[in-house]
Amino acid sequence: MSKTENSNRAKYGAIKSYSIEYGYVAKKRSLIEDAKFEHNVLHAQQSIEKYDNGNADEIDSIHKLMISLDNQIDGIKIIVDKLKNSGCFLDHIESRPTKKKRNANYELYLEIKAKNKNFAYLVEKLKDSSFLSTVVVLDIETKAEEKIWIPFNIWELDNCTHLNIKYEPDIDSRHPGFSDMQYRQRRQDIADIAFSFKHGDRIARVVYTNDELNTWNVIYRELMILYPTHACKEHIEALKNLEKNGLYAPNFIPQLEDVSTFLKKRSGFQLRPVAGLLSARDFLASLAFRVFQCTQYIRHSSSPLHSPEPDCVHELLGHVPLLSNPNFAEFSQVIGLCSLGASDEDIIKLSTLYWFTIEFGLCQEGNGIKAYGAGLLSAFGELKHSLSGVPQLKNFEPFSAAVQEYQDEDYQPLYFIANSFEDVKQKVKKFSKSLKRTYKLRYDPYTQSLQVVDNANIITEVKREINDGFDEILETLDNFSLL
């Protein structure tokens with residue numbers, strides 16, 4: 001890959017990661033890439049009055065723009081026309097819908113190749129257009145302090161932003177489903193379930209086709225062969241429970257509503273349907289409320305052993321079993337709580353921690369090592385690779401893992417080993433104290449909402465709950481005659 005191609009990697013990351021197996025070699029959709037994109041965008045979310053074109057008028061440079069607009073098609077036409085008239089060239093473009101701005105339904109990220117003088121002219125012309133809501137030059141540093149979005153109750157997760165990326169089947173010609181119009185329509189129909197879902201709704205049931213059921217069957221049976229020797233005991237035990245309760249089997253694809261009810265009883269987690277991708281901040285925030293955003297569609301039948309994007313195989317076989325484990329569920333929520341109110345830089349660090357733990361984590365088990373990361377447990381190729389003796393293995397330390405370089409085009413060259421779920425949870429809690437926040441937040445499980453700990457009354461209430469909990473422990477010990 002050339003330097004230019006490498007620099008043009010997708011700015012919109014996904015929430016989850018997917019192992020490179022066969023055929024479709026595409027970049028993994030990583031939470032880290034999305035966090036980096038969010039950082040670049042949110043750091044410059046106000047228009048500038050003037051662009052200084054300096055003294056390098058003869059040199060073509062790459063300039064970055066973020067444009068919000070109401071109508072994507074009309075807006076792009078206007079941008080293309082103004083590019084032609086200003087002597088600028090479009091080097092890269094990506095789009096996504098947005099719900100967080102008034103008078104704007106879409107955001108466009110553009111990389112423009114142009115002389116500084118021509119680019120300055122382009123910016124002025126774009127700002128003059130009434131069809132474009134805002135035009136932000138990302139080259140310019142700004143000291144304006146951004147208001148970080150925080151959902152203060154579980155209902156506000158309805159405002160999470162879905163991302164559009166160029167690796168979807170109707171955009172990327174390399175996608176296994178690109179030439180299958182029936183599959184593309186199927187994907188859209190299932191995605192509509194997520195777009196219309198509101199908290200409190202029952203998750204609509206999907207009637208899966210024979211092709212989809214056969215795909216699930218192939219993957220399920222292949223992974224079951226590896227789990228006894230490669231998966232951690234908690235994952236194996238949880239999967240057996242799901243099978244015992246009639247929720248999992250090789251001959252049908254589990255329904256999210258049924259699985260969500262099971263999780264709620266086991267660990268307090270619940271599922272929420274998602275069309276595919278969320279911003280890193282939104283996805284992590286969902287974990288804080290013990291909500292896991294979950295896709296319902298399955299990969300194309302021509303490529304059952306690999307998916308270039310999130311699908312229900314990754315979610316249901318990789319993530320869900322361990323989310324039914326109370327200790328692991330608490331660890332997942334800890335990462336989510338750490339993200340609330342965190343800076344863009346810290347969101348990148350937390351996304352990297354998520355990558356090396358929940359997605360690609362290994363753990364000590366007896367005298368051996370097993371996998372607990374969903375990216376491993378849903379992809380037999382990388383699952384075998386992780387324990388093959390080829391990659392480097394390190395003991396998990398959050399301060400080093402949070403800044404570790406990762407691989408998004410091949411198997412990971414390095415994995416982190418946790419001593420236990422409790423150990424990794426405590427280490428992440430300790431790490432969270434290094435994150436900068438303007439205020440302290442407290443999660444209330446009874447109302448599924450957040451409180452800002454900023455007055456004596458709330459602190460008194462927290463103290464009372466701790467004392468009540470301690471009294472319960474003493475009473476229990478007394479009943480068992482252990483005092």
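Glycine is treated like the rest: Cβ placed from N, Cα and C.
E359 (Fe cation binding site) carries a helical DSSP state (H, G or I). As annotated by TrEMBL, Fe cation binding site applies to H314, H319, E359.
Residues or ranges marked as domain 'Biopterin-dependent aromatic amino acid hydroxylase family profile' by TrEMBL: 135-481.
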Q) Counting Cβ atoms within 10 Å across all protein chains shown, which of the binding-site residues H314, H319 comes out on top? A) H314
Q: For E359 (Fe cation binding site), just count the other CB atoms lying within 10 A of its CB, please.
A: 29
